[in-house]
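Asks: Heads up, here are the entries from Swiss-Prot:
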- Arg25, Glu87, Arg126, Lys457: (6S)-5-formyl-5,6,7,8-tetrahydrofolate binding site (BINDING)
- Asn233, Thr252, Ile254, Thr257: K(+) binding site (BINDING)
- 233-238, 252-258, 277-280: GTP binding site (BINDING)
- Ser237, Thr258: Mg(2+) binding site (BINDING)
- 223-377: domain 'TrmE-type G' (DOMAIN)
Amino acid sequence: MITREFDTIAAISTPLGEGAIGIVRLSGTDSFAIAQKIFKGKDLNKVASHTLNYGHIIDPLTGKVMDEVMVGAMKSPKTFTREDIIEINTHGGIAVTNEILQLAIREGARLAEPGEFTKRAFLNGRVDLTQAEAVMDIIRAKTDKAMNIAVKQLDGSLSDLINNTRQEILNTLAQVEVNIDYPEYDDVEEATTAVVREKTMEFEQLLTKLLRTARRGKILREGISTAIIGRPNVGKSSLLNNLLREDKAIVTDIAGTTRDVIEEYVNINGVPLKLIDTAGIRETDDIVEQIGVERSKKALKEADLVLLVLNASEPLTAQDRQLLEISQETNRIILLNKTDLPETIETSELPEDVIRISVLKNQNIDKIEERINNLFFENAGLVEQDATYLSNARHISLIEKAVESLQAVNQGLELGMPVDLLQVDLTRTWEILGEITGDAAPDELITQLFSQFCLGK
């Protein structure tokens with residue numbers, strides 16, 4: 001594999017702030033030369049690749065010792081970027097890592113753009129686009145199941161499936177071309193309408209099956225957006241805090257104290273549940289509270305799941321009935337809170353099974369998790385250990401386009417169109433799938449994707 005010629009880049013690869021270790025990473029042809037200028041220890045040009053080397057970082061202009069470090073020296077092509085890589089392991093801290101980064105830049109490196117290390121890995125053929133995106137998914141994963149899907153994608157499970165399908169499509173196209181250009185050849189199977197239809201239906205079934213994993217994959221990657229709704233002071237914020245096991249929302253006896261939308265994540269059965277505690281939906285003259293109410297209504301419309309909290313110790317109010325009405329078309333769980341008090345709510349007016357809870361006494365909170373599990377996971381068979389999942393919106397959109405293109409081929413065959421006229425749609429399918437792996441992705445898309453990465457990755 002021939003790597004492209006790039007300048008040498010540098011960035012801090014660890015989160016900013018205090019920590020045990022901070023890492024300044026360099027990648028490029030001059031990585032070793034730049035590091036050698038500021039490192040006092042072994043000659044990095046002579047050490048074995050993939051070794052850690054003890055020494056000190058020295059400012060060559062002043063002779064000042066900046067820090068005691070371990071320098072990782074990795075020579076191309078067996079590195080993440082397929083370039084020479086230096087990783088300076090410093091004591092963690094904003095000042096020391098920044099000063100060492102500035103030294104590297106002063107001696108000839110350029111400050112890396114967000115995601116530029118991974119972008120170089122892609123451009124140099126170390127990873128394809130799906131694997132590069134998986135790197136960010138691993139960083140952002142909130143549960144073990146989300147991380148497992150990202151790791152499988154990084155290992156190439158999706159890439160292999162897409163590449164194998166593209167190769168089969170290419171073989172079919174080649175067969176059609178040979179039949180058109182060299183009809184006298186008997187060694188090649190004739191690309192009849194029946195043969196092409198069988199192949200395209202096979203491709204369509206494969207991609208459709210992959211699309212069926214999208215809902216589960218998206219849930220695992222992004223979580224279930226869950227709006228906690230109810231009139232003011234029924235215990236929404238207390239429920240949020242109970243589920244999170246920590247105080248995040250303002251909990252008082254004063255109606256209207258949650259004036260905005262509060263978002264937090266909780267792990268339910270290995271799946272991230274994005275809990276959105278909304279301001280109580282009611283008529284109010286308070287401008288700030290009005291904004292919170294409008295945001296609550298928006299969160300309700302966009303939620304995958306609605307937890308409607310009612311006060312079991314009070315009769316249903318007009319606001320309760322309004323919330324029951326506007327949430328009836330959603331995935332909804334009705335919670336009767338404050339069951340530690342005498343129950344006066346009219347349960348006969350409630351349209352479905354409810355869960356009786358007492359947030360104050362921590363009663364039946366586990367039943368909420370059980371119901372969520374039944375709603376989303378149990379019947380769907382959430383995770384198959386060896387399955388390949390679609391979870392990325394870009395991938396899902398492109399697979400949908402590829403399926404549409406294959407359907408156009410099959411519709412054309414049913415109408416009796418000649419096979420050679422349908423090459424355009426079959427070729428388009430091949431190109432669309434190439435956008436997923438990056439083989440046919442435009443430069444603008446690649447730049448936009450990597451710009452979403454963090455610095456130093």
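Glycine is treated like the rest: Cβ placed from N, Cα and C.
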Asks: Most Cβ neighbours within 10 Å: which of the binding-site residues Asn233, Ser237 is it?
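Replies: By the 10 Å Cβ neighbour count, Ser237 comes out on top.
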Asks: Give the maximum pairwise CA distance in Å, whole number, for the residues Arg25, Glu87, Arg126, Lys457 listed as binding (6S)-5-formyl-5,6,7,8-tetrahydrofolate.
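Replies: In whole numbers, the farthest two Cα atoms are 19 Å apart.
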Asks: If we check Cα distances from Glu87 ((6S)-5-formyl-5,6,7,8-tetrahydrofolate binding site), which of the binding-site residues Asn233, Lys236, Ser237 wins as closest?
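Replies: Closest by Cα distance to Glu87 ((6S)-5-formyl-5,6,7,8-tetrahydrofolate binding site) among the binding-site residues Asn233, Lys236, Ser237: Ser237.
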Asks: Looking only at Arg25, Arg126, Lys236, Lys457, which of these binding-site residues has the biggest number of Cβ atoms within 10 Å around its Cβ?
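Replies: Counting Cβ neighbours within 10 Å, the top one is Lys236.
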Asks: May I ask which of the binding-site residues Asn233, Lys236, Ser237 is closest to Arg25 ((6S)-5-formyl-5,6,7,8-tetrahydrofolate binding site) if we compare their C-alpha atoms?
Replies: Ser237
Asks: Among all protein chains shown, how many Cβ atoms are found within 10 Å of the Cβ of Glu87 ((6S)-5-formyl-5,6,7,8-tetrahydrofolate binding site), not counting that one?
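Replies: So the number of other Cβ atoms within 10 Å of Glu87 ((6S)-5-formyl-5,6,7,8-tetrahydrofolate binding site) is 19.
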Asks: Look up Arg126 ((6S)-5-formyl-5,6,7,8-tetrahydrofolate binding site) in the DSSP assignment and report helix, strand or coil.
Replies: coil
Asks: With Lys457 ((6S)-5-formyl-5,6,7,8-tetrahydrofolate binding site) as the reference Cα, tell me which of the binding-site residues Asn233, Lys236, Ser237 is the closest one.
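Replies: Nearest candidate: Ser237.
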Asks: Going by DSSP, give the three-state secondary structure for Lys457 ((6S)-5-formyl-5,6,7,8-tetrahydrofolate binding site).
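Replies: Coil, per DSSP.
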Asks: Round to a whole number and give the Cα-to-Cα distance in Å for the pair Asn233 (K(+) binding site) and Arg126 ((6S)-5-formyl-5,6,7,8-tetrahydrofolate binding site).
Replies: 55
Asks: DSSP secondary structure for Asn233 (K(+) binding site), reduced to helix/strand/coil, please.
Replies: coil
